[in-house]
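Features of the protein shown, as given by Swiss-Prot:
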- K116: active site, N6-AMP-lysine intermediate (ACT_SITE)
- D34, A35, D36, Y37, D38, S83, L84, E114, R137, E174, K291, K315: NAD(+) binding site (BINDING)
- C409, C412, C427, C433: Zn(2+) binding site (BINDING)
- 749-831: domain 'BRCT' (DOMAIN)
Amino acid sequence: MIPLDPAQRAAELRRRLQEANYHYHVLDQPRIPDADYDRMLRELDALEATYPDLATPDSPTQRVGHTIATAFSEVRHTVPMLSLNNAFSDPEVLEFVRRITARLGETAPGFSAEPKLDGLAISLRYQNGIFIQGATRGDGVTGEDVTANLRTLPTIPQRLQSDTWPTVLEVRGEVYMPRPDFEAYNTQARLRGWKVLANPRNGAAGSLRQLDPHITAQRPLSFYAYGIGEVTDDVAFHRHSEILASLRAWGFPVSPLVELVYGSEGLLNYYRRMETIRDTLPFDIDGIVYKLDDLSGQHEMGFVARAPRWAIAHKFPAQEQTTTVEAIEIQIGRTGAATPVARLTPVQVAGVTVTSVTLHNADQIARLDVRIGDTVIVRRAGDVIPEVVAVITDSRPPGATAWSMPMACPVCGSEIVRETGAAVWRCSGELACPAQRKEAIRHFVSRRAMDVEGLGVKCIELLVDAAVVHGVADLYHLSLDQLLRLRLVTNAQTPTMLLREARDHVTGMRYQQLEEILRTVGVDLSGEGDVPKHWQIDVLRAQWPDFDWNHKKIATKWAQNLIAAIDRSRQTTLERFLFALGMTHVGETTAKALAHSFGDLAIIRQLPWPLFKCVPDIGGEVARAIGHFMDQPANQQAIDDLVERGVRITDAHPPTSTLRDQLTLASLLEHLEIPKITPLRAVQLATLAPTLPLLAEADLDALLQAGVPQPAAQSLTEWFQSPDNISLARRLQHCCDVLLAQLLSPDRAHTAPLNGQSVVLTGKLASLTREAAATRLESLGAKIVGSVSKKTSFLVAGEDPGSKLDKAHALHVDIWDEARLLAFLEQYSAQ
C-alpha cells in the first residue's frame, strides 16, 4: 500500500472522524471503539501541528479553540428567532387549533409535536456545508457570537453530511445539558472544589457564554435541532417534517420524540404521554411545542408581534414550594403603576432561589387574601416567573390583617389613585415622582430605545436623586464635570475620604468651600459626630466650586464614553424615539407601526386619539393612551426639549398611502366609537355631509328624514351636544385634511420612484438601521424581500454583506452602497 502524503492522510482522518461523530451523536450507532477514535484524533492533531496549513475550520481538532480575549460580539439574525406564545391549559390549546382550522378550512390539520427542551436557543450558520457562525437567540433580533464555544460540542456538525444542503443554511435548535451528565459534572466539581451548577438550564447557558472555549469543552453539553432560519432558495420545503428529515440527513441530531399528530385530540394525547414520561427523560423539558406541519399554512397564518400564529408552547404545570410573606412593598413603574411586591423568606423553586414575587395589583391580593406573615404556595409560571398561587390559611398567624393599598406613594408622597374600572393603581405624581423619572429615563436609554450604552440603573438613580437630571432631555446637557463629581462623591465611603480625594483636584478657597458644603449638610468634620444617612446625595445637590480635575488621579474614560454615547443617540429613528417616550401600551411593535404609517414626529404629536386607530392592530384603548400622552403639555414640552437639544429623526417620510382608506368620513365616524354608530350606519351617515363639522349641524329630524334609525340618530345628536366632542370632531377633521394633503394622490401613486421594484438589504448600515432603511424604501413604493433572485431590482449592501452580495454579483443584480442609498433618499425628501 502506497503511503499517503500528509495532506491526503489529514483529509482521510477528518473524513473518518466526522463519519464517526455522525454515527455516534446523531444515529446513536457507534461504528468504532472510543480508543480508535482517540487514536485517530491524536494523529490528526499531530499532523496539523506539524503542517499548520493543513488545519481547516471544520476539523474535529478545532472543536476546542483559543481563548476569546474579549466579550462576545453581536450577531444580527437574518431571520428573527421568534418566541412562542404559551398555553397553560387544554382550552387554550383547543382555541389555538380552532383559529387554525377556521382560517385554513381543515378539520384536523397535521402538527409537528416535540418536547420543549429547557436549554438555550441558538442559531447555527452554514455556508457551502461548513459551519461558519453560531449565535445565541438574544432578544430574537440580535444575539451573541458564540461560534468558538459551539465548535466544542460534538453533537454540532462542523461539515454537513450528504450533498443536498443549500448554499446558505441557518439551523435553529437548543443547547442543553442532559440531567445525568449535569449530576456527574457537579459530583466532580464538588470533589475538585469547582463551582457547582445550579440547574441544567443555567449550566447550559453559562457554559455557552464562557470566554474560554476550553471551559465550555469541559461541560457536558448536547444539541437538538428543531428548525431553520435563513435558507437560500436552491432547496425547497413544503412541510416542517420534511425540514426535520433533511436536518437528520445533513448530520444534525433531532429529537427522537418528535411526532406528526393530527387535530387537537392528537396534540393533547401527545401532551399526556410526554407528561407521564417527563421525569424519566434524560433531559429537562418544560412543555410541548406544537407547530403546524404545512408550511403554506404557516405562511397563511402569519405572525402576531414577535410570535407565530401557527405554533404554540403547551407548558407543563410549574413546580411549587411553600414559603412565608415577610412584607408587602410597593414598586412604582415608569407610568406610575403601583405594583405590590411580596418579600419572601428565600425558597428554592425549580432550581432558582425566589426572594420576592409580584402580586400584580390590589385586586389580585384581595382575591388571594395575601397577608403579611402568611404561608403561601409559590410556583414559577412557565418555569420562569415566580407567582403566588394560594395562601395556606390554616397556617395564618394570629393578628394578621388584610392588606390595603397605601394612600400615598412611598417615594414622593403623592396620592395613589385608581381610575374607574381600572385594575391598576397609579402614583399621581407623574414626573414629579423620582421613581417614575428614574424608570422613564432607564427605559429611554435602553438598547432598543435610544441605545445609550454605559448609563446603568445605579447612575440613573444618582443623577435623579442628586437633582442633576430632572427629565430625559437633561441627559443631553450632562457635562464631564458633573459625571466626575458624581464618581468622586460615590467612591468616597466617608466625608473624610471625600476631602482627602478632593485635594487632588481643588485647593485653597475652593477646598474650604467644599468643607463648608459638608458642614451645611450636617457633617461634623471633627469626625466625632454621626454621619448623616444621605450625606452623599445632599453634597451632590449643593452648589460646588469649580474643580481642576487631575486626570491622573481620577478615571475619566468612562465619563467621556458616556457623553459620546449620549451624543450619538441624538440621531435616531422615529420608531426608536416613539418607543423611548414610554407611552402606555406602546411597545416596539406599536412604535414601528406608528412610524411606518405616519412617518413624521411633527404629524404624530398633533393627532387626536381617533386617528391612531387608522394604524393596523391599534384599537381604542391603545389609541386613547397615545392621544392622552400627546395631549399633555408636559409631554409636548419634553419632546420640544429633546428637539431643542439636538435629537433628530433620521428616517422621516410622508404618511403611507395605505392610510387613505382610513381617512374617509365613514371611517372617522367608526374611529370615534359613538354608541349605536355601526360600520354600516357610518357609511350611511357619510352620504349626508362631506365633513364631521357639517354632520354635527344636522338635527334629529333631518337625520330621521334621511332614513337614519331612531337609536342611531338620537345617539349621534346627543354625542354632538357635548362641546368637548364638537371640539374633537373639528380637530379630527382638520388633521384628516392635513394628512390627506400629504399623501400621494391616486393618479400619482403609480409614479412612486420604486413602485413595483423588489429590493433586498444585507449587511450593517452606518447611518440608519436596516429596518429604518426598509421603511423609507417601502414608503417610496419598494417591496422588501429577504433573498436575492433574478427578480430583484437592486441590493443595498452595507458592511459585512455575506452571501447575498455574492449571489447578486452572480445574477448581475444592481448593487447600491450606503452612499447611493442615502443620496437617493435625500433626493426624494428634497422633492
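Placed from the backbone N, Cα and C atoms, the Cβ positions cover glycine too.
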Residue among the binding-site residues L84, C409, C433 whose Cβ has the most other Cβ atoms within 10 Å: C409
Assigned conformation of C409 (Zn(2+) binding site) - DSSP reduced to three states: coil
DSSP-assigned states of the domain 'BRCT' (749-831) in counts, ordered helix, strand, coil: 32 helix, 17 strand, 34 coil
CB contacts for R137 (NAD(+) binding site) [other CB atoms within 10 A, all chains]: 20
Any further residue of that chain within 8 Å (Cβ to the Cβ centroid of C409, C412, C427, C433) of the recorded Zn(2+) site: I332, G336, P410, V411, G413, S414, I416, S428, G429, A432, P434, A435, Q436
Site of maximum Cβ density within 10 Å, from binding-site residues C412, C427: C427
Across the domain 'BRCT' (749-831), average pLDDT on the 0 to 100 scale: 85
Under 8 Å by Cβ from K291 (NAD(+) binding site), counting only residues of that chain that are 6 or more apart: F111, S112, G227, H240, Q298, W310, A311
Cβ neighbour count (within 10 Å, all chains shown) around K116 (active site, N6-AMP-lysine intermediate): 22
Distance [Cα-Cα, Å, rounded] between C409 (Zn(2+) binding site) and L84 (NAD(+) binding site): 37
Rounded to the nearest Å - Cα separation of C412 (Zn(2+) binding site) and L84 (NAD(+) binding site): 39
